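Chemist: So TrEMBL lists these for the protein:
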- A51, V84, W369, G376, V377, I378: FAD binding site (BINDING)
- Q155, G156, N157, V158, R199, R200, E211, G376: NADP(+) binding site (BINDING)
Amino acid sequence: MSCHKLLLSELKLWSSGGSSWISRLRCGGRGKAFSSSSQNVHISIVGGGPAGFYTAQNLIKNVINTFTQTAKHSRCNFYGNVNVGKDVSIEELQQAYHAVILSYGAEGNRSMGVPGEDLAGVYSAKDFVGWYNGQPTCQELSPDLSCETAVILGQGNVALDVARILLSPLDVLKKTDITQPALEALAESHVRRVLIVGRRGPMQIACTIKEIREMVNLPGTRPEMIAADYEGVTEALKDVPRPRKRLTELMLKTAMETPGEKEQERRNNASCSWGFRFFRSPVEVLADTNRNRTAGIRLAVNKLEGSGEAARAALTGEVEDVSCGLVISSIGYKSLPIDPSVPFDFRKAIVPNSMGRVQQAAGIYCSGWVKTGPTGVIATTMNNSFDTARSLVEDIDSGVLDISAGKPGSQSISTLLEKRGVKPVTFSDWEKIDNVEMKRGEASGKPREKILTVEEMLRVART
């Protein structure tokens, strides 16, 4: 179904994520809002990560194909550094727009719910990734990397990214856009062994083959696997989809096959190791003798009930202790409620919806992780965002979404923000920040050198 009949003339992005708004755009996380208007149709999208931009892209799909082109399109305006739910309410957006699409992602951390998770040396993956990626709100993290062994709980792409950063040679990291403070801290790191722990087995691992391949080929490291974890896996591979089969075969090869002479030499010379630990769940973070920081983690030993993707982890009653000084929880993100007027399912941590239509909230839609929960990869987000855009167009075509009444669109919201002393950042302002970061990076041989405070970002944006 074509969406040209909407004749969208403006799309605006409002930041709902607070102080780390610019990093969220850069890294693709939670935080902006966007609106569109023409032929008296006005639509606001709250969220400037992939979900927000993909939803926007689908609404003007025949003339754009990248996020930057979306933001620069004549029908789109970017409003950054505006906190939806604080600087402007959802009700106020509804008064100004025919529809509001929530695409603000999953900014909260899921708790492990075990004793000791508040000890020094325990970090959420979200905060740890934010620290080395330059999120302003995470720059005070200062993680203690003085231990030899780190345990990462969770086996998704984020978990493997954290493991890769902890073990990558400095010469490799220096060529990336990792922040300078993180680079300096990692240069002094004593971490030489990383265990990546999951409650189920190799057939249920949540990462993609790309991330595993990067770990397998990471210079200066060797894999440390447990052969017993792969019992029965070869037989089970016969009936699984090709992507899962290829991923599991790579793990099997890494864990079970005798390496060739060149690979064996590489492993023998490696100073660091990494490995998966399957069928394990956290029970308690163990404290040192002074009871003030992490000394290890107690893991429950699980068995699987069922098979394939639907297999459940069941406790066996056994436990094992692993000595470590660093625990990083990568067990998932969760969305947070944005405004009291918007329904929210606290158990699932999503906005309840049907195909992106928010339940019991006419004119409100959602896309991305706030719609589905924090699952899938970027292509998953793209497809579910496109589905939401199609739902909105269908509702306009069918008359379910009433667009007959005039709406002022962003003009009224801009006036409201001005009265409240809120000065939005435009996309051209954001490009100034982007250009400064890339120039600073070029000077030091990196893709970019990130600005680490909102205050400096705003100073650059407004010069």
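Glycine is no exception: its Cβ is also placed from the backbone N, Cα and C atoms.
Help me understand the surroundings of these features in the structure.
Modeler: Every protein chain shown contributes to the tally, and the Cβ of W369 (FAD binding site) ends up with 29 other Cβ atoms within 10 Å.
The 10 Å shell around the Cβ of R200 (NADP(+) binding site) contains 20 further Cβ atoms across the protein chains shown.
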Chemist: Looking only at C-alpha atoms, tell me how far I378 (FAD binding site) is from N157 (NADP(+) binding site), rounded to the nearest Å.
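Modeler: The Cα atom of I378 (FAD binding site) is 11 Å away from the Cα atom of N157 (NADP(+) binding site).
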Chemist: Counting other Cβ atoms within 10 Å of each Cβ, which of the binding-site residues A51, V84, V158, I378 scores lowest?
Modeler: I378
Chemist: If one looks at the chain holding Q155 (NADP(+) binding site), which residues at least 6 apart in sequence have a CB under 8 angstroms from its CB?
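Modeler: When sequence neighbours closer than 6 are ignored, Q155 (NADP(+) binding site) has I196, V197, G198, I205, A206, C207, F276 within Cβ distance under 8 Å.
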Chemist: Considering only the binding-site residues W369, G376, V377, which residue has the minimal Cα-Cα separation from R200 (NADP(+) binding site)?
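Modeler: So, spelling it out, the nearest of the binding-site residues is G376.
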Chemist: By a simple count, how many Cβ atoms lie within 10 Å of the Cβ of G156 (NADP(+) binding site), its own Cβ left out?
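Modeler: So the Cβ neighbour count for G156 (NADP(+) binding site) comes to 22.
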